[in-house]
Amino acid sequence: MRAFDKFKIWVLFICLVSELGYGFYLPGSYPHKYGVGDFLNVKVNSLTSIDTELPYSYYSLPFCQPQEGVKDSAENLGELLMGDRIENSPYRFKMYTNETEIFMCQTKPLSGEEFKLLKKRIDEMYQVNLILDNLPAIRYTRKEGYFLRWTGYPVGIKVQDAYYVFNHLKFTVLVHKYEETNVARVMGTGDGAEVISTVGKDGSEAPGYMVVGFEVVPCSVQHAPDSVKNLKMYSKYPTPIKCDPTTVAMAIKENEPVSFTYEVNFVESDIKWPSRWDAYLKMEGAKVHWFSILNSLMVITFLAGIVLVIFLRTIRRDLTRYEELDKEAQTQMNEELSGWKLVVSDVFRAPSNPALLCAMVGDGVQILGMGVVTIMFAALGFMSPASRGTLITGMLFFYMILGIAAGYVAVRLWRTIFCGDHKGWVSVSWKAACFFPGIAFLILTTLNFLLWGSHSTGAIPFSLFVVLILLWFCISVPLTLVGGYFGAKAPHIEYPVRTNQIPREIPPQKYPSWLLVLGAGTLPFGTLFIELFFIMSSLWMGRVYYVFGFLLIVMILLVVVCAEVSLVLTYMHLCVEDWKWWWKSFFASGSVAIYIFLYSVNYLIFDLKSLSGPVSATLYLGYSLFMVLAIMLATGTVGFLSSFWFVHYLFSSVKLD
């Protein structure tokens, strides 16, 4: 009864968390109420491009700078790792106050170097990313009768042989009137009204507004040089400015300045504050996601049928017949054994490179646990893109904490392989703590040197490198060693049969066994390749991925498929008297990483056609290699553990002398 009560409490807690994640949208975030006339400060993020994938600082180009100087905003670890550099900007608005023809600044005459850099950034299709009240600027364009949404706006455009810069911005800020009852409902509690004050600056009950949308229309406008001579920042431009996004006029030339202006219009909207991110997070192709899941279910059903045949018709039939015989008949049957029963004295023989296998399985458990927990939290709304960098920060946090699981699994598997021997468990723990992080550190350091050489904001600062190393050796490694200690103390898994000293010779096969193992990865790949396209588009095409519910379902299905594939392949190898199943069971499901890497190369060639330069291609392939390594360890671990359970169950049911 006590266990049932605990279960009810956990269900209530999960439902409460889910309700908060749905109603409040982003737990821990509160709407900001502005009074009429309050200043709204716009921030700038790094310049980004799908053509190079190299982010650069906004102020690396000759743009207007704020009067108080450039200042960095507070950033978390995830933002720094993603290459985000959020800084203040000279753009500022007054709440619910429409303004037009606002002069920003006139740059100095463009030097030859600035002129070339500006042309290069326009050729590479760089986008300017602005942020207001944590909302990125969004741009709408019409193409073939459809409205397309883009975050940010292009630096400029090339028309024939001339380069034009977008030097006038038309902002539209969508606001929603502050309502007590609405915010109380948003907070999810009755005291939501006490959280945010409703009193205006003058102490009256003045209405307040919340920002629920931020749109931008970039224009290229030719300003008269004489009109801006005596103007200061935020002065009124003397003549009306017509913003027509279909025409361009401000051609950039060497040794000539560029003038920047803007206008802002406030529009009251029916959009509620919890729904203000819907325009960014709305994912097209929901039917495609469902098709992906149905496709995965078909693969699972097919494999499950094979597994049931193996268990019910083959294994159960053999075991039942064996148990019904008397001892004399069993002895006679032992002499006529065939298939998997012949390898009974070799099936648990220690594999080659057992320490490496233990380290890889331990790291696989750590990566798989990190992925499952992170996606679950993201599906509940705790790691929304509205809170930049939290997804990466959360992944790092969960990865370090799960070092305990990595050490425990690696050491316990080590002791199982060597029948309970404690010797060498510290070495195995160190290997588990350093294998995947060491390879990842090597890849990321190499790529970081390329980013440093390109002066990109995507380069990890040296101070952050030191922080990551400290997190690795001061948190992750000790936790892995603690897990290894508990694994050394835990009882090892006892083998159900004895192993002969002399290994049995494996009969020659008609085809290489590894060929079948590598081909087995096609089935797990078939369950995720549709969802993989959306993930790749999010990573490399600047699109927002937020269907974490679909991703969680696909991940669960992937785990089931990996377990089934590895189990079937292990049984097939045992039936042909191949007792070297340890590594093959790992790579039977882990080989899906090969197909994901080939898909990444295909995506680079056919979807990222505009990706220019060897640096960009090297970065893409380097990050893809890092990703497929993690996937290989996670999926391979699922396959190995399921096969180990299967082999242990199979031979524990048969007692042969």
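Every residue gets a Cβ built from N, Cα and C, even glycine.
What you see is a predicted model, and the numbers here were worked out from it, not measured in a lab.
Quick look at what TrEMBL lists:
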| type | residues | note |
| --- | --- | --- |
| TRANSMEM | 7-25 | transmembrane segment |
| TRANSMEM | 290-312 | transmembrane segment |
| TRANSMEM | 355-379 | transmembrane segment |
| TRANSMEM | 391-411 | transmembrane segment |
| TRANSMEM | 432-452 | transmembrane segment |
| TRANSMEM | 464-488 | transmembrane segment |
| TRANSMEM | 514-540 | transmembrane segment |
| TRANSMEM | 546-569 | transmembrane segment |
| TRANSMEM | 581-605 | transmembrane segment |
| TRANSMEM | 625-651 | transmembrane segment |
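The stretches the transmembrane segment (464-488) and the transmembrane segment (581-605) do not meet in space: the count of Cβ pairs below 8 angstroms, excluding pairs fewer than 6 apart in sequence, stays at fewer than three.
Remark: the transmembrane segment (514-540) contacts the transmembrane segment (581-605), by the rule of 3 or more CB pairs under 8 A.
Counting Cβ pairs under 8 Å that are 6 or more residues apart, the transmembrane segment (546-569) and the transmembrane segment (625-651) reach 3 or more and are in contact.
Beyond the transmembrane segment (581-605), the same-chain residues lying 6 or more positions past its ends with a Cβ under 8 Å from any Cβ of the stretch are 347, 351-352, 357, 360-361, 513-514, 517-522, 524-525, 528-529, 532-533, 536, 540, 561-563, 565-566, 569-570, 573-574, 611, 617, 620-621, 624-625, 627-629, 631-633, 635-640, 642-644, 647.
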